[in-house]
Structures are given as structure tokens and as C-alpha cells.
Amino acid sequence: MKSSILLDGKAISEKIRNRIQETLAKAKAEGKGIPTLATILVGNNPASETYVNMKVKACEKVGMHSRYIRLKEETTTEELLGEIRKLNLDPSINGILLQHPVPHQIDERKAFDEIALEKDVDGVTTISFGKLSMNSEAYYPCTPYGMVLLLQEYGIDVTGKHAVVVGRSPILGKPMAIMLTNLNATVTLCHSKTEDLPSLVKQADIIVGAVGKPEFIKAEWMKEGVVILDAGYNVGNVGDIEVSKAKDKSSYYTPVPGGVGPMTISVLLLQTMYSFLGQFSPKLESHVANR
């Protein structure tokens, strides 16, 4: 069997960011201005602060403005909705990101759904999810879309392949299952109540780890030649899949870190650029007709 190929999220991410930088420099030279991404952080979660700072720096690097709105831990749902409404009405703001998770007293779903569709560059609103499920143009959840772009950059055709997605969160597992379906894969969506998970994983041509548990998906469950996409990032720099043991039997695999993670922020920047240019992310299409 040929050696497995590492899906280099860092390299592909850099390629995407260079393209964004070139497009925005051209737009600025033509007098079209500069896009702005607004990020809201509620509370004092250290991990969230780190993620937000990474996004702010990434914006600056590609020539994008960022607006960082910091709200106190005790913020109510209504106060947060008020901040989002202000950003919805601000013509200088092209994208709005509400950093997840929010403190327990806030209705996160209500807050997500307050974001204007044309500024939902993180793909978190119910309407964006519905548009994705209908394979209409939309902004997509950034992590699953990043995985799809990785597959496409490496020329991996999922048509007719059996993809097993482990994890059903509304911003990761579920949208990934829909995206793969839209690209003509046959998808099994698994979760914590799934019976005999190892036998399902054994059938997978493509395995997606999106369960949030360190190395939960074992190497021994997988068949030779599988494509491994690990969206997890846990303590100890490990994902949701036993990649260190499974990579030798894979055809392609994402490392942790350096695989899916860099793609997430790049997709956020990409979709903010699309919003600035007045368009949605392109509809997911395969070379095989939908039927």
C-alpha cells in the first residue's frame, strides 16, 4: 500500500489567506474600502480569549479590520442581543462572530439567530443551517467547510464514498454530514447513543472525528486506506481520533495540531471577504448530478 499523505491545513490555510490578501489589496486600490469583522466575547474564558486574539491577528495580517467587543461575565441575553442588533445596523461591519461558548445564563441559540444573515460569516444561524441543508448559497460553519476545502485542495472526490461522522453538534457534526451529502457521499452520522460504533467506523472510507473526546475513535476500528479528518483538539495536543496509530493505515489524514484548526480561521476570513464583496460562499457542488 502507498504511504499515507498528510493533509497540511497550515499550508492550505496560508494559500487561502494569501488569496484573500491579494483580493482585498485590489479592492482597496479600487477605492472599495476595507472589510471589518466584529467579534463578541462574553466573559473571561481564557481559551476563548486566546481564540479571539488569534482571529484579530489573522484579520490584521490579511488587511482586514477587526472590532473586538468584550462584555462582562454577568451579561444578560437581552444585553447581548442589543449589541448584536447594533452591529447588524452598522454598515461598516461585514461579519459578526459570537465566540462560543457563552456564560450559562445566556440563551446562545437566541443570540446566534439574532445575527443578520448577510453578516453570519461563522454560519451559526438557523437560517444559514437551513440554506446549507437545501444546498443553497450561504455562509457555512467554518470548521466543517474548512475540512471540505482541504478535501478539495487535495483532489479527494467523496462521490459515492461512505463517510462516517462521529459527533452531532449543530456547528460541526451535523453540518459536516450535510456538506458531505451535498457532495454525493453516503453519510452515517453517529453520536453518543450509537450502538456498535466500531463496526460502523470499520465501514468508513472517510472518518470525521467531531465528538470532543480525546482519541475516542480507535485506530483498530478503521480499515486500510481510510481518509481521516480529525476536528478535535483536546488536552495533550490530541484530537478525537487515534491519529498517531491510525495514520499508517490511512490514505490521507489531518494532523493535530496543524490540520483542521488553521482552516477554521481561514474560512472565517474568506466568508467575511465574501460578505464584503456582496456574495455568499459558493454552493457545494460535485461533478456528479444531484439525484
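Any Cβ shown, glycine's included, is placed from N, Cα and C.
Sequence-distant neighbours of Gly167 (NADP(+) binding site) (same chain, 6+ residues apart, CB-CB distance under 8 A): Gly173, Cys190, His191, Val208, Gly209, Ala210, Val211, Gly212, Ala231, Asp240. Look at Swiss-Prot and you will find Gly167, Arg168, Ser169, Ser192 tagged as NADP(+) binding site.
The binding-site residues under consideration are Ser169, Ser192. Their Cβ neighbour counts within 10 Å are lowest for Ser192. Sequence-distant contacts of Arg168 (NADP(+) binding site), defined by Cβ-Cβ distance under 8 angstroms and a gap of at least six in the same chain, are Lys174, Ala177, Leu189, Cys190, His191. Those residues of the chain, other than Gly167, Arg168, Ser169, Ser192, with a C-beta within 8 angstroms of the mean position of the NADP(+) site C-beta atoms are Val166, Leu172, Gly173, Lys174, Cys190, His191, Ala210, Val211, Gly212. DSSP assigns Ser192 (NADP(+) binding site) to coil, not to a helix or a strand.
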